[in-house]
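Colleague: The ATP binding site annotation in Swiss-Prot covers GLN20, ILE39, PRO40, THR41, ALA42, SER43, GLY44, LYS45, THR46 and rests on sequence analysis. Annotation comment: Swiss-Prot describes 26-196 as domain 'Helicase ATP-binding'. Taken from Swiss-Prot, the feature domain 'DOD-type homing endonuclease' applies to 451-584. Marked as motif 'DEAH box' by Swiss-Prot: 143-146.
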Amino acid sequence: MDKILEILKDFGIVELRPPQKKALERGLLDKNKNFLISIPTASGKTLIGEMALINHLLDGNKNPTNKKGIFIVPLKALASEKYEEFKSKYERYGLRIALSIGDYDEDEDLSKYHLIITTAEKLDSLWRHKIDWINDVSVVVVDEIHLINDETRGGTLEILLTKLKEFNVQIIGLSATIGNPDELAEWLNAELIVDDWRPVELKKGIYKNEAIEFINGEIREIKAVDNNDIYNLVVDCVKEGGCCLVFCNTKRNAVNEAKKLNLKKFLTEEEKIRLKEIAEEILSILEPPTEMCKTLAECILNGSAFHHAGLTYQHRKIVEDAFRKRLIKVICCTPTLCLNANTEILQESGFRKITELNKDEKVFALCGKEIKPVDGWKVHKTPQHEYNIVVKTVNGLEITTTPNHIFLVKENGSLKEKEAKDLKVGDYVATVDRIRVKEKDIDLSNGDLYFIGYFIGDGYTGVIEKNTLKATPDLAFNPKYPPNFDDSELHKKYFLKCRISKGVAHYIYSKKLRKIFNKLNMLTKDNKNIDAFCNLPLDKLAYLIAGLFDSDGYIYLNRKNIEFYSISEKLVEQLQFVLLRFGIHSSIRKKKTKTMVSPTNGKEYKCKDIYVLTIRDFMSIKRFYENIPLRHEEKRRKLEEIIKNKEIGQIPSEFVALRFTPIAKIWCDCGFSVDLTMFKPRTKRQRELNKKRVKLLFELLDGKKLITNYKEYYSKRKNPYFDFIVREKINGNNYYSLNEKGRVLMSLLNKHIKDKENLEEMYNFLVNLEKCPICGKPIHKEMRYSWKKECYDGDIYWDRIKEIKKIKVNDKYAYDIELPDDGSNSHYIVANGFIVHNSAGLNLPCRRAIVKDLTRFTNKGMRYIPIMEIQQCIGRAGRPGLDPYGEGIIVAKNDRDYLRAYQALTQKPEPIYSKLSNQAVLRTQLLGLIATGEIRDEYDLEWFIRNTFYAHQYGNLREVAKNINEVIRFLEENEFIIDFMPTELGKRVSELYIDPLSAKFIIDGLEEMENEEEIYYLYLISKTLEMMPNLRVYNSEELNLIDEMDSLGIKSFEIEDLEAFKTAKMLYDWINEVPEDEILKRYKIEPGILRYKVENAVWIMHALKEIAKLIGKSSDIPEKLEIRLEYGAKEDIIELLSIKYIGRVRARKLYNAGIRSIEDIINNPSKVASIIGEKIAKKILDELGVKFGQQKLSF
């Protein structure tokens, strides 16, 4: 328990939620006890699973054990999100985290990982490759375990759980509220945790007759501004500053409802301008824009939008972004779901203005609690606000943003999002403490890296003029402190001699050393850089930095700081960047230099400006001391002296000081207190002012004093002397006198201090007080600090805001950065040292969730939407830290709807049932079990089925036994198995993870094929179950389709065949580069559906290719089609498409310009660069092993 709580504290979690406490109390940490957690959304289910994982994977010392854990999620996107979240949390303890969501026909080696994040289908496919590491798994967490009820996917999850039950593993099931949790828990032999606690109050109600009737009896009248109920509900919420989600039963209804919700009259002029920009962006995604794009753009202009699977990823992302910014006020959906121009964003080469970012570099973003480089970002311009907010922190950071830009704030131990206009002085905002990069080692020793660092700082490598190297490499140093290069092979190999000139020593090196530096891409003078070393492992990078500071760095005892000087701005910026990897903070300033006159010829020489990097806060100096192995004896001595400073030694362990004046206040329980900053000011001006104040206090010992101009004692900074005086206004004059505390303090100082102007002496006297002068009790002493340990949180430092102000702006635009919505990041970027929202986040906070439809069309006609699904929809209302409450509203059109709505809001959700009797599930799963040897005869089969959830629920296996016998007969008749032994075909189909019936369709089609036509192969894959549902065929299309099919030798013309052939025609257009908009219009589909069909087609074409090899029907056409389907391109550019960084657009450009093969690219690098740009060309050539512009490093 202590280990768990200690690790949770590392994440800032100091108190568990009620369901989490209940799980621990019931024995969650018993490794042999399964659990089923059935609680509402956002109640903390995931953390319960994490506690179980921690318990298995980390020992008492927080080190990895030899066990593995699996975290199963329902969707790939969620898997990516959890992967990044868990990496950021647990890699610090040495846990290796893996994400496994790739191709099903892929045998990944996951044996070296401790925690594997995956989907049920991917784990099932891995199992079929007979993974050995499964024996090391001791805990499995299943998120959304209620999906065992899903018609198509539930059977796979049930089979997996049945297998896992036979292993010695702890199973933790995380579920939404379901109707029969006890039944599922009993099958799992699990402790059941049921709780209805929510972090934000959810008000549930029914809308009917222009009023919301809440379940708690409250009634809210809704003003009818239109005859549309949804419009009235939305307007009522929007007027109060809220946003709405409207859940519809179909994509078409979502679109139609969004079109009706015209909210223009409730939009400000600024919002209208910004929505117009967003609408234009929507229209720019596809060229030319589709009808759906145009409809969505029109809705956005009105403040509404629709959101469903038919939209492309880019469209959905833009809608989510605008809703998150509260520009779009309402989204109608199906039940799925700005910065100043001078702002500097942290990239891999350092901080750059947002308007000048390098497109080829990643930006640093928050990923969980770690700050890492993220690719796939974009910059967007938005109209500037009439005013901006300037935020300054205690630690000296400053940023200017639009009023609605979102900051991450810590309040009372919990995280909140706040817009800039809502921030206040004293708030703790997230700033960067350290950054993390993907490390890349170089074959250089620590000694060589130290040598290189020293040479970059104080070395001269000569110059190249007209391709000729002039001068020799030279390293200057103080002979009193010669550099220690004993462990440097580079020094030993290329050293020539040592000479001393005018008291300065010089090491002279061979010109060959310059060539080595050139290969490392290090330039000379003001262009020096350390590009090649920025991503070194920290233990090696430390030696390079040590060399830099031992040569051009300075340790100042009097200032108590560290500085580095260089005329190379780039070098100093890169140094600032790499220091952040150690959590070492620094600032950069430019120091102007004067013109020098030569004493020999009298000529004036303009000196280059010097860039100074300064490390001044104690934590950074301490980290520098602990991580950077300086070899310069004098510098090391000074650094040690700073660290061992007597005053620093007085700081208690629970605090870390930022400044070096340790005692800032003395106080007693009786109420006596003295702010000592009055006696130890930080500036000369403050010192003079405070002398006047203290002199006044001594004068007041004699009694009341008339002050004619008290402003000379006043400062905009703290005025601690006000604690000791009373000011009265009599007849327009200001009279001062000491209060009781003032009389005690000044009497004490008057008695013990001789020099009444010596503030230092007064300070030392008060610091050494042990007992209170009023009551005699012990004196407490408080440090002058601003950094506390609790302010450090992963890679975040919570800095306190010291100033906020509004400023008018003249800029036309503000800027946003969009980060990829792939689970790789937390949608916060590093800007001016702050961690601010990238304004394109994932969450869709809403005040009111509205369920418009209670029914939807199924294969059995119109049916009520399950209560569990409705409760999940309304559970979206009310986000912690964002809404004071949430409202889940169901619209009742009649009395029947009212009754159903009441049931949905008050009754338990429906029970979940096993879907194992589904023949499609049984075909795939039984073949998999036989192929892996888990079932070898009828007895194994019966024993396995009796352990399933199906058997637990129904007891009688007669119905499922009938289906099982039919499936076994099918597998035998089609030669997938023989006497419960898999054939080669059966094994391969199991590994390919397709339905055996789909494999039969493919085999039959290949054997009946008369002509090898591309369209025929596409027809074969379109007939598979994995491609269902196919495109709808209209009566007017049937005859033409039959004629085309007949010409290919296809003799079956059932409606399913016609639909498969129409789908094949769509895929054929795709691979022949027909414009996307034309495909969408021709086949009456949406962009998202096209993407889905293409992804599945790539998978099934791969399966067809593999099956064709086994049955002797191999051909190169399927292999080419697999690539062409992936890229949507013609055959002539396939070779080019096989190269990383080349998509169909670049491939077509290269091909049309005569670059048609890999050999052409290698032989014509300049031409390639002129066609697609030098940066991309360099990446492509590097991928092909050809260096562009530089040679490989070799000694």
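Yeah, the Cβs are placed from backbone N, Cα and C, and that goes for glycine too.
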Colleague: Which sequence positions outside the motif 'DEAH box' (143-146), separated from its termini by at least 6 residues, show Cβ-Cβ distances below 8 Å to it?
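Modeller: For the motif 'DEAH box' (143-146), the nonlocal Cβ contacts are 36, 45-46, 49, 71-74, 78, 82, 157, 173-176, 178, 184, 868, 912.
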Colleague: Provide the three-state DSSP residue tally for the motif 'DEAH box' (143-146): helix first, then strand, then coil.
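Modeller: Helix, strand and coil residues of the motif 'DEAH box' (143-146) number 2 helix, 0 strand, 2 coil.
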Colleague: Neighbour count first, Cβ atoms within 10 Å, every protein chain included; then name which of GLN20, THR46 tops the list of binding-site residues.
Modeller: GLN20
Colleague: For PRO40 (ATP binding site), what residues in its own chain, 6 or more apart in sequence, show a Cβ-Cβ distance under 8 Å?
Modeller: ALA176, THR177, ASP196, TRP197, ARG198, LEU202, GLY875
Colleague: Taking helix as H, G and I and strand as E and B in DSSP, count the residues of the domain 'DOD-type homing endonuclease' (451-584) in helix, strand and coil.
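Modeller: Counting residues per DSSP class in the domain 'DOD-type homing endonuclease' (451-584), I get 55 helix, 35 strand, 44 coil.
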Colleague: Check THR46 (ATP binding site) against DSSP and tell me helix, strand or coil, would you?
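Modeller: SS state of THR46 (ATP binding site) = helix.
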Colleague: In the three-state scheme derived from DSSP, which category covers GLN20 (ATP binding site)?
Modeller: helix
Colleague: Show which residues of the chain containing GLY44 (ATP binding site), separated from it by at least 6 in sequence, have their CB under 8 Å from its CB.
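Modeller: Residues satisfying the criterion: LEU16, ARG17, PRO19, GLN20, PRO199.
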